[in-house]
Amino acid sequence: MKGSAFAIILGLVVLCACSFAEDEQDQFASPNELLRSMFLESRHELIPEVEGRYCQKWMWTCDSERKCCEGYVCELWCKYNMG
């Protein structure tokens, strides 16, 4: 009785693990897709300025060297200027 209950529980665990793995494969076409999406999202955080330097957007640390983009204010990190 204990052996069959263990086999049923083990079967359910394997079934859940397999379905989870299929969901993950559907979400990302390749293993590198997650890294690629992370870099594509962060790539837009830096915008070139006229002087060839880059300005910082929201949640990037800022100081006298690393200026915030237009419309953002520096308060340890760049925050959107609400007005």
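Yeah, the Cβs are placed from backbone N, Cα and C, and that goes for glycine too.
Annotated features in Swiss-Prot:
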type	residues	note
SIGNAL	1-21	signal peptide
DISULFID	CYS55-CYS69	disulfide bond
DISULFID	CYS62-CYS74	disulfide bond
DISULFID	CYS68-CYS78	disulfide bond
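If you draw a 10 Å sphere around the CB of CYS78 (disulfide bond), it holds 23 other CB atoms from the protein chains shown. Under DSSP, CYS78 (disulfide bond) is assigned to a strand (E or B) in the three-state scheme. Secondary structure from DSSP puts CYS69 (disulfide bond) in coil. Reduced to three states, the DSSP call for CYS55 (disulfide bond) is strand.
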